[in-house]
Amino acid sequence: MLAPIQTIARPVSSILPATGALAAKRTFFAPSEVYNKKQVIVTKKTGLDILNDPKLNKGSAFTADEKDRLGIRGLVPPRPQSLEAQYKRCKTNLDKISDPLEKFIYLNHLQNRNETLYYKMILENFVELAPIIYTPVVGEACQKFHKIFTQTRGMYFSTADRGQMSAVAANWPYDDVDVIVVTDGSRILGLGDLGAGGMQIPIGKLTLYVCGGGINPRNVLPIVLDVGTNNKELLNDPLYLGMQHPRLQGEEFHAFVDEWVSAITDRFPKAVIQFEDFMMPNALDLLLKYKDQICMFNDDIQSTGAITLASVLATMRARGGTFADIKKETFLCLGAGSSGVGVCETIVDCIVAEGATREEAYAQFYMFDHKGLLGKGRDDLLPSQQVFMRKEIEGGKTPAELLKKIKPTCLLGLSTCPKLFNKEMLSYVASYCEKPGIFPLSNPTSRSECTAEEAVEFTDGNLIFASGSPFDPVEWKGKTIQTNQCNNSYSFPGIGLGLVSSRATRVPFETFQVCARVIASLGTPEMLATGKIFPDLDNLRAVSLEVGIEVAKMAERMNIATQFPPKGMDWREWLKHNMWQPEYPHIVVKNL
């Protein structure tokens with residue numbers, strides 16, 4: 001059984017700075033909270049090559065000495081400016097843009113020009129800009145990727161590269177890669193097959209790794225596996241940038257991924273690999289195939305499971321109970337894809353850890369897909385879905401037909417179908433359950449099973465609400481009902497920080513249980529009383545640090561860690577030391 005949560009994490013009030021610049025400005029980073037160390041980058045680049053490298057470029061911030069040493073005197077304006085002055089200029093320009101996608105494009109151009117300034121911008125304004133750089137705006141950016149594309153980022157491995165993937169992997173110019181996020185573009189958010197346009201998802205996820213987990217942006221790599229697309233619109237669009245043929249399937253697909261995994265792990269043997277937005281059953285098949293071979297995990301199945309489990313456990317606390325009360329819950333899950341199955345399996349693991357048998361845990365779930373209940377007579381289910389089949393109830397029945405029989409206490413929405421949590425369902429659940437968990441998790445916002453306003457109105461304010469996309473708090477009958485974003489950004493950055501800092505050799509399932517329990521423990525009684533179960537997203541670095549510490553300790557306990565804190569440091573000090581800060585490095589030119 002996992003350690004009681006009180007022993008493995010501290011409440012949010014004890015991990016967030018209470019005074020100083022961070023408390024006043026509510027940004028992600030404060031010098032007093034980290035071990036500041038001047039970054040040094042050794043390069044053989046000079047002149048325009050420096051200015052054209054977003055990892056080295058400082059724009060107008062190069063000093064006179066740097067201009068001489070780097071051969072850029074006369075190539076930039078003469079008076080050097082600080083990073084702070086550059087940030088203020090860019091923020092002023094960004095604020096003039098009203099359209100969310102245009103804001104995304106502006107930030108994309110900034111990232112491709114000056115990464116340090118880009119991350120300074122995001123970190124200073126995370127709550128404002130997180131919906132721009134990731135959900136919901138990133139969904140539109142993926143759909144229009146081939147229309148707004150201006151500059152490449154990351155790597156593409158296509159069907160044209162079969163038999164040559166090791167050579168392709170060698171083309172990446174940096175030897176040190178800590179985190180890779182890879183997608184095949186087959187199931188982008190709730191938008192379906194977007195092919196090569198899915199590249200915006202790994203780019204966005206890695207921005208969150210940097211901002212939330214403090215991973216060095218020089219050491220991240222977004223990748224698309226372009227195995228074709230079944231999207232007819234893209235197949236017929238002359239501007240589409242990916243391979244215009246139907247997707248590889250079956251053995252051909254798995255042979256392609258096998259070659260890529262071999263090539264990429266040979267090139268970057270220490271990298272954590274996050275699989276992202278692969279359709280079922282490929283997502284689960286790849287997870288089961290590689291989980292014990294390399295340091296990898298599936299974000300949709302496992303990270304989503306971790307943060308949803310954290311939401312459920314925090315709901316137990318908000319009701320005045322303990323984590324063990326999860327054994328009494330009844331779950332109605334709409335959606336049986338990779339995310340739906342992954343979420344429910346993670347919750348099952350927790351129920352078992354609290355003392356139930358696995359069969360007893362599965363019996364707490366009623367899962368539905370587009371054909372209705374996973375029940376008796378359904379012979380179309382994948383093995384991963386069959387364990388959730390209700391053998392005593394005829395398959396295909398709708399949630400409305402079974403609602404009064406099930407009497408759920410927690411609603412899980414992973415269907416990508418809006419408005420499925422309707423008035424009848426929400427009002428009925430709230431009529432017999434104190435603070436039912438209402439979790440419409442589908443992204444983007446347009447696919448959410450209900451809005452926060454609908455959930456509050458139809459439950460008369462009796463609920464704990466957590467959604468995949470952000471919703472504002474709701475004013476209801478003279479009080480403010482807090483909303484929560486049940487977003488993977490609370491989980492995977494801290495997981496990555498712990499795995500990278502310990503150089504773990506694999507990612508056991510226990511990782512996500514530890515993560516969930518840490519996050520669920522962070523809400524204070526005062527927060528929980530208002531319906532708020534998570535710290536604000538602008539405190540993500542503090543949350544990620546707590547998660548990372550426990551993940552690193554778990555790796556050490558399980559003998560999968562290969563790197564440890566230096567003598568005189570504990571894990572907390574070591575992880576703080578490792579967290580990257582947006583400050584300009586000292587650039588040393590050397591013939592390598």
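One-based numbering along the chain as shown.
Backbone N, Cα and C define each Cβ position, glycine as well.
Feature annotation from Swiss-Prot assigns active site, proton donor to Tyr134. Annotated active site, proton acceptor per Swiss-Prot: Lys205, in sequence order. According to Swiss-Prot, the NAD(+) binding site annotation covers Arg187, Asp300, Asn443, on the basis of similarity to another entry. The site 'Important for activity' annotation in Swiss-Prot covers Asp300. According to Swiss-Prot, the feature transit peptide maps to 1-27.
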Those residues of the chain, 6+ apart, with a Cβ under 8 Å from that of Lys205 (active site, proton acceptor):
Tyr134, Val181, Pro222, Gln274, Glu276, Asp299, Phe492
Radius 10 Å, atoms counted are CB only; among the recorded positions Tyr134, Arg187, Asp300, Asn443, which position scores highest?
Asp300
Same chain, not part of Arg187, Asp300, Asn443: whose C-beta falls within 8 angstroms of the C-beta centre of the NAD(+) site? Give them in sequence order.
Ile188, Leu189, Gly190, Asp277, Thr304, Gly337, Ser338, Ser339
For NAD(+), with binders Arg187, Asp300, Asn443, what's the maximum Cα separation in whole Å?
12
